[in-house]
Every structure is written in C-alpha cells, then in structure tokens.
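Below: one structure, written as structure tokens.
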Amino acid sequence: MCVNAVLFSLKVKCLRIDYKLKRQDSTKTLLIKSEQLLRIEEHDFAMRPGFGGAAIPVGIDVQVESIDSISEVNMDFTMTLYLRHYWKDERLSFPSRTNQSRTFDSRLVKKIWVPDVFFVHSKRSFIHDTTMENIMLRVYPDGNILYSVRVTVTALCSMDFSSFPLDTQNCSLELESYAYNENDLMLYWKNGNDSLRTDEIVLSQFFIEHFHASSGLAFYSSTGWYNRLFINFILRRHIFFFMLQTYFPTMLMVVLSWVSFWIDRRAVPARVSLGMTTVLTMSTIITGVSSSMPQVSYVKAVDIYLWTSFLFVFLSVIEYAAVNYCTTLEEMRKMRRGKIPSTFDASQAMAFDGCFHDNDIELTTFTRMAPTLTSNPLTTPTQSSDIRAPEGTRLRRQRSVRENVDLLVNNSYMIDSYSRLAFPLSYLLFNTIYWSLYS
C-alpha cells in the first residue's frame, strides 16, 4: 500500500509539472489556437471580404531599401523594397481585452485572403526567403490587417538616350491588382505622398533627384478598369566617369593629331604613322562606347561628339595628303621648267619619304624685277610721263579662285600654317556649341 501511494503521488507531481510547462510554452499549440481564434475554418477565404458589396479598399505603402542595378543595355532596373498592404477583413476579428494585435508568418498567410498585387512590366521578382520567407501578417482585434513582404523586382524602364551621357531618366515601378478590377478592389496610397519612403540610396552612375508616388487607372478591353499605383523616381547620370573614360581621351587624340602640322612636311613616315595611330585610337574608343549601349536607332549625344572628333582626326590625315600632293606638284613643275638639273635622280630623292628634298635640288635664283607701268606705244614720252603713277603707290588686282589654288600648290607649306589655326579654332567652336546644348 505504501509503495502504491508513493507511485501515485509521483505521477500527480509529473502531471502538474507537464501542465505548467505547457502553459509556459504556448508555442506548441499556437497555430491551432490562432486558427480557432480567427475562425479560419468557418469562412471561405477564397472570396474577397465583402463579396457582392462595394469595392474593398486596400492601402499601400512602400519603403525602398535599395536600387541594386540599372542596366542601359537591357533598359531595366532592379529594386528591393518592403511592400505593405492595409485592409479590413471582419471575418478575422477576434475578442481581446488588451486590444493587442497578433503577428504571424507566412504559414498562416496561405490560409486567408490577401490582395493579389503584382508589378506591371516586371521581368523578374521574388520574395526573400532567408532564413524564412520575409512575410509578416499582423491581425488586429477589429479585423484590420497589415500584410508586409520584402521583395526584389526587376522591371522595365523605357530610357531615352538621345542626350547620353548627359541625360536624365524617368523610371517608375507600377503596382496593380491582377484579378480584381475597380469594382472589387480599390488600390490607393495609404498616406498620400508620405506612403513612399526611402533609405539613403547611393548609386555608382546615377544621382536620384526625386522620389514621388502617384496613382491612375489602367484599362483592359476584356476585363475593365483597374487601379494602378506608381513609384516614380528621376535619375541624373554622373558625368565625371564618362569625362575620364571617353571625353578626355577623345580630346587628347584630337589635339595629338594636330602635332603633325608642326612636323616637317617631308617627314612622311612620322606624319603618316601619327595620323593612323590617332585614327585607330578613336575607332577603339567609339567601339568601346557602342558595345556598352543598346542598339538604338537614333543618334546619341556621345555619338555626335565622338564622330565629330573622329572627323577632325581624319581631316588631319587628309590635310597631310593634300600637303604631300601639292609639294609633289610644285617640284614636278620646277622640274619641267628646268629648275632642276637633268642629272637629278628623282627616285633616289623620294626613296625614303615619297617627296623631293630641297637640299638635293639646285634651284636657280629668280631675278627680282622692278614693277613698271606699261605705257601705251601710241602716247608720246611727254604724255607717258604725265600719266605715270604717283610715287609710292601700286596697283593691285584681286586674285581669282584659280590663282589662290595655284598659290597654295606653289607654296604648300601655307596649308600647314593655316591648319595650325583653323583646326583648333573649329574644334573649340564645336565644343562650345556642344556643351552649351547638352549640359
């Protein structure tokens, strides 16, 4: 009898301890209690709240955590944000003395009705699931619900690159209900413009000028009108990166091509190699910029600058071709006039650089003739002395275009002299117009 009494008392103590532990650790039966408390099994949550009546209002607020990337090639951006929904479902109301809400995770979300908000024009999106799905459901005693998810979405941004890289891009992330039109669900910003909040966001190539929220309606011919919310943000591109990688090297190549104007026109290898080097370098810069950009059908601002600079470099090569050709014509004319001795070997003089050398040619000196006014043979000496031009004056006649061309051909060094001034001034004028238009 004593042994049985002892065993019975121990059993009662164990039951009391087990009951006390269960009361302290209520998480073992929390899910069952919550489902019973919210009466989930008593309602059909496949239907929206207030089905058959007025549209259910669903408030939205967004906190943008980061803009992960912006791709010009794919014309899209990737954004991570906290998306919060607010609505009221009286089917989930429960009695509470303290009026405190209850918070649940994704396991209960799958058993109740939630708004089917999706991202319009999204390419990819996912809800973060480390270490659990980043979903939070908070239910208040009166049936008000807060549903929050942490999501990353990649969406389309129609960019205009006509002013690239001095451009400003307007992008937007659009939210809309997929199944419920405006007769069933009214989507709105919960706190107006204050519904959109952002953390401090720093981007490598862009500066975020402005974030703002807006709303509108979208029409589909088969299903009707839908409420749509917009997260708009304006991006201004940082120009310093492109100044270092594109504009400064391009300017240096153009200036380098002008060095050939100060090199002797007889130094063919030096001037030709310098011209070809600058042309090939400009081609490499243009190819590098084009490979990192989408294949658009219009001209970009950087294209105008690069191709105009390439034209300046190309014209510097053409300029030397003209100088070399005029020099050859000049010396060939002198040879025909007998200014070059018959013993002169032209092929030997042009063996290294393609043109004649003045130190290899013995030119006869020209006798300077005093300018005189031709008198009319019918006039008498007395009349001739009367119509003589006054002392110290000369008669000048304007040269024709042909004479100016002949002057340049006979004095080919003047082409280099004019180019030393014309090329820099033209390029300076182009830069002034370019930066005043696009900056």
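A Cβ is built for glycine as well, from the same backbone N, Cα and C atoms used for every other residue.
Quick look at what TrEMBL lists:
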type	residues	note
DOMAIN	40-238	domain 'Neurotransmitter-gated ion-channel ligand-binding'
DOMAIN	246-334	domain 'Neurotransmitter-gated ion-channel transmembrane'
TRANSMEM	239-262	transmembrane segment
TRANSMEM	274-292	transmembrane segment
TRANSMEM	304-327	transmembrane segment
TRANSMEM	421-438	transmembrane segment
Secondary structure tally of the domain 'Neurotransmitter-gated ion-channel transmembrane' (246-334) (DSSP, helix then strand then coil): 75 helix, 0 strand, 14 coil
Residues of the parent chain within Cβ reach of the transmembrane segment (421-438), under 8 Å, 6 or more residues beyond its termini: 163, 166, 254, 258, 261, 301, 304-305, 308-309, 312, 315-316
Mean per-residue pLDDT computed across the domain 'Neurotransmitter-gated ion-channel ligand-binding' (40-238): 92
